[in-house]
Structures are given as structure tokens and as C-alpha cells.
Amino acid sequence: MYLLLDIGNSRSKGMLASRTGQMTPVELSAASFDRTAIEAVYYAAVAGQDKVQALKKQLQLHDKPWRQIESEAARFGVQNCYSQPHLLGVDRWLAMLGSHWLMPKQDLLVVDAGTAVTLDWLSTDAVHQGGWILPGLKLQQQSVVQKTAKVFNADTHQARLQPGGDTVACLQNGCLAAVVGAISQAWQLQPMQQVLLTGGDARLLLPYLKNYPVQLEPNLLFYGLSRFIDS
Ligand SMILES: Nc1ncnc2c1ncn2[C@@H]1O[C@H](COP(=O)(O)OP(=O)(O)O)[C@@H](O)[C@H]1O
Ligand SMILES: CC(C)(COP(=O)(O)O)[C@@H](O)C(=O)NCCC(=O)O
Ligand SMILES: [K+]
């Protein structure tokens, strides 16, 4: 059994993966799984090393091999278009490696709606065509609230793609429109056969993307990460 870790800017997620490729989500605490069954930990971190160290301590897996996955120029037939490949966020890289594993013969628009929203175009021959980074839904709302005197938000999310009638609705609807609008703009610029949607806000965005061939893939990053097991 292997432990896969996605250490993001908002939260860390864990998955247990068997040699046969079976995956089970796991809570990240030392008590939530059988530590003796873990052969190795494969992890990807866009967050700082402090978060990685804290997690290492928390999981009490010091005696196991920890393998950090980083962005590369090419891997498993997928090509990174950055001139400095290691600077591409490893979550974006893994989402592309996962997408390519899932749909190897299609061109894809990979959308990761996390703390930041990222969009990446991947051609049929698995060449990264570049992408976009924009603030995620929560981050957009927080930055408006923080940098203005009179805009406030509510704890509940009721965003809709329509004009708002009060401050909270204007803020939430506006930020939803910005993210949905970016995906729509990406599609207009370069349509692809499939849009693969992942990240913490993926489910929330899905109803607004009915005009596109969208597939929700919450585990895209883990599909990418699991390709490294024993490789
Ligand atoms: N339990 C949660 N904790 C934090 N963010 C959440 C949670 N559930 C949904 N979200 C949403 O998910 C987004 C973060 O997505 P996620 O993929 O977890 O980010 P990251 O990979 O950057 O850590 C936030 O914008 C937030 O709106
Ligand atoms: C853009 C990101 C912050 C997204 O991370 P996330 O919101 O999923 O935590 C991350 O992919 C990152 O730190 N990228 C490095 C810069 C780049 O991709 O060019
Ligand atoms: K993201």
C-alpha cells in the first residue's frame, strides 16, 4: 500500500493506493490508517516546506521512504511547455499527467478550481499548450472584502449566475461569473474535446458549465501521482 499526498495551499488531501491501482481517500492523521502497511509515500506540494514538515510529523511515517514529485520537462509522454519546467505548479503537472492517463488520445482543457484556479491546454499528442492562473472563488471574495471598507460576505454560499440584489449576492455572483467566464473565454480561445474539472470548487462550478463537454474528476491529481508508483 502507498500513501499519496496532495499538499495544496488551502488543505492537504491523502489517498491510499494499492499496487493494483485501487484508491481509497484517507484522513490525514496517524490514527486513520495502518502505518505498517505503507511501503512509501509519494507527495506533491505547492504549499511551503513548513506544511510538508508538519504533515510528516503528524503522520509519523519517518521510517518510510518519502518521494517528492516535481514538475519536469517531460514524463509518461506528456510535455511541459515551460522553458523552466520545474516552475510549473506540480499540481497542474500532475493534473495533466492524470488527464493524459484517463484520456490519452484526446485534446483536453484541464481546470483545477482550488485556492487558485488553473486552466491548462493539453493537445492530442500530449503537449502542454500553456495555461492560465487566476484567483479562486474564495480568494477572490476574500480579497475584495479585505481591500474594501464596505463589502462584506456571508458564511453561506449561494452564488448564482445572475445580477445580485445585495452586497453578498453581488460579491458571490460576481466571483462565480469571473471563474465561469474565464473557462468560457478559454473555450472560445481554443476549444478542446474534453474539459476535465477538479479541485475544491469543482462540484460548485459544474452546473454552470453545461454548455461544454465537462467531466468532473475529483481525483485527477492522484491519478497523476499514482503513475509514479514504482516508476
Ligand atoms: N473543506 C474545505 N476547506 C477548504 N476549502 C474548501 C473546502 N471545501 C471546499 N472548499 C473550496 O475549495 C477551494 C480550495 O480548493 P482545494 O482544491 O482544496 O485547494 P488547494 O489545492 O489549493 O488546497 C476553496 O476555494 C474553497 O472554496
Ligand atoms: C497556481 C497554483 C498556486 C495553484 O495551486 P492551488 O490553488 O491548487 O493550491 C500552483 O499551481 C502554483 O504554485 N504554481 C506555480 C506557478 C506556476 O504554475 O507557474
Ligand atoms: K488549483
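Cβ coordinates are placed from backbone N, Cα and C, and glycine is handled just like the others.
Bear in mind that the values here come from a model prediction, so they are computed numbers and not experimental data.
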Further binder of ATP named by TrEMBL next to Asp6, Ile7, Gly8, Asn9, Ser10, Arg11, Ser12, Lys13, taken from the candidates Thr115, Thr118, Thr124: Thr115
Residues Tyr82, Gly89, Val90, Asp91, Arg92, Thr167 binding substrate per the record - widest CA separation, whole Å: 40
Other same-chain residues whose Cβ falls within 8 Å of the Cβ centroid of Asp6, Ile7, Gly8, Asn9, Ser10, Arg11, Ser12, Lys13, Thr115, the recorded ATP site, in sequence order: Val46, Ala47, Gly114
Candidates Tyr82, Arg92, Asp112, Thr167 (binding-site residues) with Cα within 10 Å of Gly8 (ATP binding site): none
Binding-site residues whose CB lies under 6 angstroms from ligand 3, from Ser12, Gly89, Val90, Arg92, Asp112, Thr167: Asp112
Spatially closest candidate among Tyr82, Gly89, Val90, Asp91, the listed recorded positions, to Ser12 (ATP binding site) (Cα to Cα): Asp91
Between Asp91 (active site, proton acceptor) and Tyr82 (substrate binding site), the C-alpha gap once rounded to whole angstrom: 14
